[in-house]
Amino acid sequence: MGKSKLDAVLKEKTQAKKPIFVPYIMAGDGGIDNLNKRIQFLEEAGASAVELGIPFSDPVADGPVIQDAGQRALANKTTIGSVLEALESEKSQRNIPVVLMTYINPVWKYGFEQFARDCSQAGVDGIIIPDIPMEEEDDVASSLTQHDIAFIRLAAMTSTEDRLERIAKRSEGFLYAVSVTGTTGERAQHENDAFHFLEKLKQISHVPVLAGFGISTAERARELSAACDGVVVGSKIVQLFEQGDEDGIHSLIRESIGEKVI
């Protein structure tokens with residue numbers, strides 16, 4: 001459970017030279033009652049871990065698809081507490097690692113220590129907080145470490161070499177490579193230097209490197225996975241769930257990791 005569980009699952013994939021696929025879903029989008037069903041479906045479809053967004057009123061890193069999902073989740077009265085309660089209710093039946101993505105403001109209001117303790121109790125394995133600068137993360141990092149929860153850092157293409165090295169050194173679980181500039185979402189044109197960026201991160205990271213932001217096809221997922229250890233796919237997964245297209249999600253995951261869809 002916790003960081004050790006996430007590390008073990010990802011290590012198994014990388015040692016077998018299999019691409020890691022982490023789908024993102026918004027907790028509470030489609031109802032909190034469906035949360036565990038969706039996690040189970042993604043596990044059965046071939047996901048390595050699940051990234052679970054906590055809805056927030058000012059989601060600075062999210063593109064329009066995920067922002068809309070967040071609004072639907074907020075309309076369903078989704079909170080950190082209700083998400084953790086739902087996760088804890090089926091913790092013993094869940095095998096796949098779960099990573100929460102939230103913003104620093106709701107975590108600060110919840111209380112760093114209480115947040116880490118409750119996440120651990122709910123079976124959360126990792127945390128992503130995209131809007132906290134590395135220079136201000138020590139308090140929350142300490143609480144997460146105490147409860148064996150991986151603190152996953154983001155590495156941006158716009159960061160300096162020195163900053164990337166410091167981020168890579170601190171990252172736990174996996175290093176989340178922001179492979180495009182801007183917010184999440186599909187991209188009609190992907191920056192060609194994404195591959196160079198991912199290869200550079202692979203050289204300096206002691207944990208798996210996953211590319212995220214702007215990946216909407218299995219072809220693109222396979223291309224980027226060739227330069228790193230795998231991908232995180234958010235907007236496309238959220239979109240397909242909203243459309244009720246579970247077959248589309250299954251195909252996207254299977255084709256992204258190089259398996260034939262029957």
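Glycine residues also receive a Cβ, built from the backbone N, Cα and C atoms like all the rest.
The feature active site, proton acceptor is assigned by Swiss-Prot to Glu51 (among others). Glu51 (active site, proton acceptor) falls within a strand segment according to DSSP. Around Glu51 (active site, proton acceptor), taking its Cβ as the centre, 24 other Cβ atoms fall within 10 Å, counting all chains.
Residues or ranges marked as active site, proton acceptor in Swiss-Prot (evidence: sequence analysis): Asp62 (among others).
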